[in-house]
Amino acid sequence: MTALHSVSKTPAIKEEEEDGDERDGRGVPLGPRNHDYRGRKGDEESGADTVTSPITFEKKKIAPRASTHSEQSILSSISLKSMVNQHRQQQLQQESSTGAGTGFVDRKQQIQSPAMVSILRKNSAEENVRSSHSSKLGEGQIDGRKASASKEIGKTLPFTDDQRSNPELDPTNSVVDVSRGKNTKSKTVFNELEDDADDDDEVRQKNLTTQALRKLSSFKMNASSNLRLSKENKAKESSSSSTSSVSSSSTSKVENIVDKLTTTNSSSMSQLRFGNTNVIIDSVNHAAKPPHQQMLRKPSLEFLPQPASSTNLNFNSNKHKSNVRQISNPKKPLYIPAVLRKVSETNITNDDLLNATLSSYYKKASNLEHGFNPSKSQSASVQNANNLRIISSQSSVQSNTSSILESYKNKISSYLFPNSIPNSDRINLIPTISNRNSARVNPPTKDHWIPDSKRNSCRYCHKPFTLWERKHHCRHCGDIFCQDHLRHWLYLDSQANFIMINELNNGGINGGGTLCKICDDCLVEYENLSTTNHNANTNEDNINVEEGEDDDNDNRKKLRNYYKNRQMNALFRPKKGGSSQEHATVDRDTTTPIQVKSNDEEADNENTGGEQEEGNDVLGSVIGSVPANWNWSSF
């Protein structure tokens, strides 16, 4: 059965191929021939029921692919590109003759917009290649389509000639159905274009052609006007360069011409398409412009960012600077040690410290004297303790200001070079205390001083004087001592007499005093005098309730008499180290200070014994043994 089937199929297929070739030659449309084949071979198929219907194949003639562009678009592109190429060649020749050499764009425009120059050069190269290629392709298509001259410009749409892209518009397209059943038949479907769609396409194509022709005409007019104006400008520039001075009328004419050039250039703007964006560029012709206008000219590219105004930049920068904190601001530490602090911040001088120290010292001493009165309350003792604290603190402040070092320097210089410092300056070096209303107090007199040649050793310890152990005069007695036995300081007036505490508070006998060095013997004498004065004051306080203030005047008179007697008998004072006979003679002649005691006072002294004297001695030693400027750093 397989052999018969293969033999029976072979002549039928051959016959159908021959019939198809004949129909193709006569121009008859192709169609299936299944019914003819079935009519002739019906007996054979009826005899063999198992044999299926044969598969038929039809040949389809494929039409050649049409071009992607319409004839109208090809012609318009050829005409436009040819005109552009001619115009560019003319401009290149003019620039080469004038020596510009930049190509397409001025030098200042190249500096302002280098991206514009690169775009123009790239576009010119691409357009030249495209124009040459399109011209060749257009000529070949025109020669190939001369046979079918029935078509007119604008009647065919671009991208619609390809029959394969839209299968519904192809009249030769047919659908073949393959059937394996006995009663299946193939049918062909023919679709034709509608008349309304054809009319709309013709109207659109006509509008496109008219727009292309208008662009061509406007471009030709602009090119001719630009060439004419550029020639006129070159002629005027050459004439203006030959002449040395140009009148105001000529400058106005040149400005008018420049305005015309700008208007024509602005009208002759063209658009270039890069991808999906349209970029507006100036025309290729760039007429000569004055330098001030060329500096003001800016590139007209839409995609180039415009620089912001300078005022806005300055405002933003100033605003930014105001908000930023400076790094170099001076910083002050939270705490400054006492050593690093400036003395000027306290506004305290050395004189202020000295006066405060001395005044507080004598206030303390006077308070201690009045503190022995049993009628006083406990507030006096508290005040005395506070005064002692003030004295110690002020003494330490005085040492920090280095006043002691300065005083020692002045003293050393005065001892080594006594004639170098005048008496007026030497007086100023000695610290004094005086009333506010009184003049400066003169230093103690030196008339009672013993000459240096009279003693070769200390009067108290007999230590010989050498280069290292120097001689020191006591300002009160005038004798010569070593440094170890001349270390006390007390106030003396101009006659080298002691100034007591009460007198110092009242301004002193002579209106003030000077702080001077005294020996140990003079200190004992001062203590005895202070204790005597204290006893007299305490007794007078008890009597003043009845007698009044008459006793105060008596005490002052007694003190004055004491000083007069002391001055008279200063030469007859006994000296340590002398013989017993000398002491005896001196004791006979010397006078002691007058001590006035009442009967009640003598009785009190007899009852109490030596307890009160011991207490007074302790008080006197405390007052006189510590110098006024003593502090912890003087060891």
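Just so it is clear, glycine is given a Cβ too, placed from its N, Cα and C backbone atoms.
Listed in Swiss-Prot:
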BINDING   C458, C461, C482, H485  Zn(2+) 1 binding site
COMPBIAS  33-44  compositional bias 'Basic and acidic residues'
COMPBIAS  543-553  compositional bias 'Acidic residues'
COMPBIAS  601-616  compositional bias 'Acidic residues'
MOD_RES   S46  phosphoserine
MOD_RES   S53  phosphoserine
MOD_RES   T56  phosphothreonine
MOD_RES   S73  phosphoserine
MOD_RES   S113  phosphoserine
MOD_RES   S124  phosphoserine
MOD_RES   S148  phosphoserine
MOD_RES   S165  phosphoserine
MOD_RES   S174  phosphoserine
MOD_RES   S300  phosphoserine
MOD_RES   S309  phosphoserine
MOD_RES   S381  phosphoserine
REGION    1-164  region 'May play a role in attenuating TORC1 signaling'
REGION    304-440  region 'Required for interaction with TORC1'
REGION    620-635  region 'May be required for TORC1 activation'
ZN_FING   452-527  zinc finger
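Each residue contributes its Cα atom, and for T56 (phosphothreonine) and S73 (phosphoserine) these two points are 45 Å apart.
Neighbour counts of Cβ atoms within 10 Å were taken for the binding-site residues C482, H485; the minimum is at H485. For S73 (phosphoserine), other Cβ atoms within 10 Å of its Cβ number 16. There are 16 other CB atoms within 10 A of the CB of T56 (phosphothreonine), with all protein chains counted. For the region 'Required for interaction with TORC1' (304-440), the model's pLDDT averages out at 56. Mapped onto DSSP helix, strand and coil, the zinc finger (452-527) counts 16 helix, 19 strand, 41 coil. Other than C458, C461, C482, H485, the residues of this chain whose Cβ falls within 8 Å of the Cβ centroid of the Zn(2+) 1 site are, in sequence order, S457, R459, Y460, H462, K463, F481, Q483, D484, L486.
Following the DSSP three-state reduction, the secondary structure of T56 (phosphothreonine) is coil.
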